[in-house]
Amino acid sequence: MPRGKYVNHKGRNRNFTSPEQLEEEQKRGEEKSGGKLREASSSDDEDEEQEGSEKGSDDESSESEEEAKGASSVIEIQNPNRVQKKAFQKVEEVDEEEKPQLSRKEREQIEKQKAHAAYQKRHAEGKTAQAKADLARLAIIKQHRAEAAARREAEKKAKDDKK
């Protein structure tokens with residue numbers, strides 16, 4: 001008997017299931033499910049012929065199977081916030097023109113990009129506070145450079161006049 005909560009499986013003999021046991025388990029599984037696997041494979045041709053005549057009954061049977069699943073058939077849920085999704089939609093019901101629903105993050109990212117583009121456009125036009133400050137700083141720098149250039153020209157003239 002190992003001590004502690006967990007058992008170490010290293011060094012133990014391996015136990016393999018025999019093919020006979022596997023076949024028995026498969027038979028039991030088919031019996032419990034009602035042999036659906038065998039019926040589905042044998043009646044494929046029959047299903048194709050019946051689909052044209054019984055389109056409405058297929059929808060009703062699939063809805064009854066969905067309702068019968070789990071405890072939802074026993075317990076009535078009165079949650080107004082609960083939204084039941086349809087498992088499948090028909091091609092005719094789907095609108096091709098309908099825009100895909102974006103998640104919150106995607107919407108925020110798109111809004112952020114639009115706001116940034118609008119800001120860049122206003123900045124290029126010189127309407128933002130930062131653009132005004134940049135233009136004022138550039139005007140001051142141009143003025144200093146013009147004064148420095150005028151000083152240099154005056155010094156050159158003064159040197160030429162002395163010679």
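Each residue, glycine too, has its Cβ placed from N, Cα and C.
No curator has checked TrEMBL annotations; they are predicted automatically.
Per TrEMBL, the feature compositional bias 'Basic residues' maps to 1-13.
Per TrEMBL, region 'Disordered' is recorded for 1-131 (among others).
The compositional bias 'Basic and acidic residues' annotation in TrEMBL covers 24-41 (among others).
Residues or ranges marked as compositional bias 'Acidic residues' by TrEMBL: 42-51.
TrEMBL lists 79-158 with the feature domain 'Casein kinase substrate phosphoprotein PP28'. Mean predicted confidence for the domain 'Casein kinase substrate phosphoprotein PP28' (79-158): the pLDDT average there is 88.
Annotation source TrEMBL lists compositional bias 'Basic and acidic residues' at 99-114 (among others).
Counted with DSSP, the region 'Disordered' (144-163) comes out as 19 helix, 0 strand, 1 coil. TrEMBL lists 144-163 (among others) with the feature region 'Disordered'.
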Ask   = In the compositional bias 'Basic and acidic residues' (99-114), how many residues does DSSP put in helix, strand and coil?
value = 11 helix, 0 strand, 5 coil
